Amino acid sequence: MYHLFKSLYLHATSKEEYSILLLGLDNAGKTTLLEQIKSLYNSEHTANLKTVPTVGQNVSLVDLPELYLRIWDVGGQHSLRGLWQSYYSSCHAIVFVIDSTDIGDADIERLSKRSANEDDDGRLDECKLVLEDVLQNEDTEGVPVLMLANKQDREDCVEVVRIKEGLVRRVFEGEKGQNVRDSRVLPLSALTGTGVKEAVEWLCSRVKWNKEARPPLGLYYRPQTEARDESVFLPYPDTVLQAHAQLAACRMDVQRAMIGLVDKDSSYFVAEATKTLDLQNTDLSETTGDGL
């Protein structure tokens, strides 16, 4: 009985968890962005802005008021991009970070018309091809995509409007952009933290809106009195009605214990569970009068 009450308590104090995939070319600023997110929502964390290229992955669980975001920062080097597709089927949103100082004028329509002697276009073509590859994968269909134009604090950056019109829109509306999807382009400076909060808020709203198509991973509980890495993962209940039915049954057991309809050992655990859940501030032994 005690364990049943404890399980219900954990469900009542748990939050949904969603998985976010952080992608982009190497040196786009993905890891710096992750550090800023952790620093913004965890007062005990200080952002490490002197990052090195990610070899493999970095993963962090971000505790937000209404939900948890498990963010996967995957390396952007050419040799690591083949691993990205392993994450597509289980992610709830994709964040694609663009280095807005290394994509020329961000106009892919003029890219094919230029000669080799003209101005350098940086990694515009590479960025276009990688983004198309992400969008045309069948496992990313229906997944919200947030495009972040990073390094907007620098004087040599391309404005967000030009990136949206010249690169993002043409890719999304092109033949490799697949179906219309939930997406947005936002400015960002991962170095200064400008735009980080807006990006996280957009992600939270979209994963919740899309939860029928991509249900959350489950309910996640993190005890407040324990270390931050000692957490409990709970399977998501089939229906809300099921959880309410379990809670109602437990309350009936409490009432039965109070009038002496259960044995002594069971009533002890019911009393302990009642205190834990704060369902009722009644001393069971005093109520029954027989010192169960």
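Keep in mind that glycine also has a Cβ here, set from the backbone N, Cα and C atoms.
All annotation found in TrEMBL is predicted automatically rather than curated by experts.
It should be emphasised that the depicted structure is a prediction, and the values quoted were computed from it without experimental measurement.
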*Same GTP site per TrEMBL - residue from G76, G82, G104, G218 joining G24, L25, D26, N27, A28, G29, K30, T31, N150, K151, Q152, D153*: G76
*List of residues, in chain order, with Cβ under 8 A from that of K30 (GTP binding site) and at least 6 apart*: L22, L23, G24, T54, D73, G76, V97
*Taking residues G24, L25, D26, N27, A28, G29, K30, T31, G76, N150, K151, Q152, D153, which bind GTP in the record, the widest Cα spacing (Å, whole number)*: 22
